[in-house]
Structure formats: structure tokens, C-alpha cells
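Visitor: Pasting the feature list from Swiss-Prot:
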type	residues	note
TOPO_DOM	1-5	topological domain 'Cytoplasmic'
TRANSMEM	6-26	transmembrane segment
TOPO_DOM	27-45	topological domain 'Periplasmic'
TRANSMEM	46-66	transmembrane segment
TOPO_DOM	67-77	topological domain 'Cytoplasmic'
TRANSMEM	78-98	transmembrane segment
TRANSMEM	102-122	transmembrane segment
TOPO_DOM	123-134	topological domain 'Cytoplasmic'
């Protein structure tokens, strides 16, 4: 197990899934409902391309996640996924094209999530105990 490599793959997964989520949000505010994509005469091709790119980013994120699971204990790896919730909230609220707003309660929630991620990932990992056969 290579912890550093596992963390890098997990963070790459977080980054890709966050970009995918923001891209889908941007696209879906510019497109009709998905069931109307084939019947509407003019669908925004850029927004549709961004949706497809976001789906590809999700697939890459999953591959990075699988690679991370090879090198990290599940409890540590899974906690790193929480960073995506914080990242998406912060970017959506700070970038004008998303028209989202900051709130004290949401920001406090993000801070608590990040504190939890830091707490889980800064304490030393215990080696698994081997059980002897009876």
C-alpha cells in the first residue's frame, strides 16, 4: 500500500467529480428537460457537450477512486470524498455563473465536514490486528 499515491488518486477523484457536478449544473440551466432533448428544434450544443464531458469526468473519477481504494483504508478514503461537497458548495457560491449564495449555516456545515476529514486523516492509522486460528 502506498498512502501518498492513494491520497493523490482520491483527491483526483474529488476534483473530477466536483468539476462534473458543477458542469452538469451549468448545463442543465441551459437545456430543456432531458426527455425533450430530441424533440426540441434547437438544443444548446455547447451545454450538451458539457454534459457529455461531465459524464466522462464522472467515469474518470470512478477510475481514480478504484485506484485510491487499492492504497487506502476505506474509512480514510471515504472521508476524502466529503471534500467534494465542500468544494462544490464553495465554488457554486463564489462563481457568479451559478448564482448560488453563501449562508452561515451552510458554511458552518462545510467547516465541520472539513474538520472531520482532517481529524480522520491526521491520526496515525493502526495496523490491522491479525487473528490467530483456534
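Heads up, the Cβ atoms here are built off N, Cα and C, so glycines get one too.
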Visitor: Along the topological domain 'Cytoplasmic' (123-134), what average pLDDT does this model show?
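Guide: The predicted confidence over the topological domain 'Cytoplasmic' (123-134), as a mean pLDDT, is 61.
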Visitor: Six or more residues out from either end of the transmembrane segment (78-98), which same-chain residues have a Cβ under 8 Å from its Cβ atoms?
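Guide: 7, 10-11, 13-15, 17-18, 21-22, 25-26, 65, 68, 72, 106, 110, 113-114, 116-117, 120-121.
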Visitor: Would you mind splitting the topological domain 'Cytoplasmic' (1-5) into helix, strand and coil residue counts from DSSP?
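Guide: The breakdown for the topological domain 'Cytoplasmic' (1-5) reads 3 helix, 0 strand, 2 coil.
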Visitor: Please spell out the DSSP helix, strand and coil residue counts for the topological domain 'Periplasmic' (27-45).
Guide: 6 helix, 0 strand, 13 coil
Visitor: Any residues 6+ beyond the ends of the topological domain 'Cytoplasmic' (1-5) with a Cβ under 8 Å from its own?
Guide: 67, 70-72
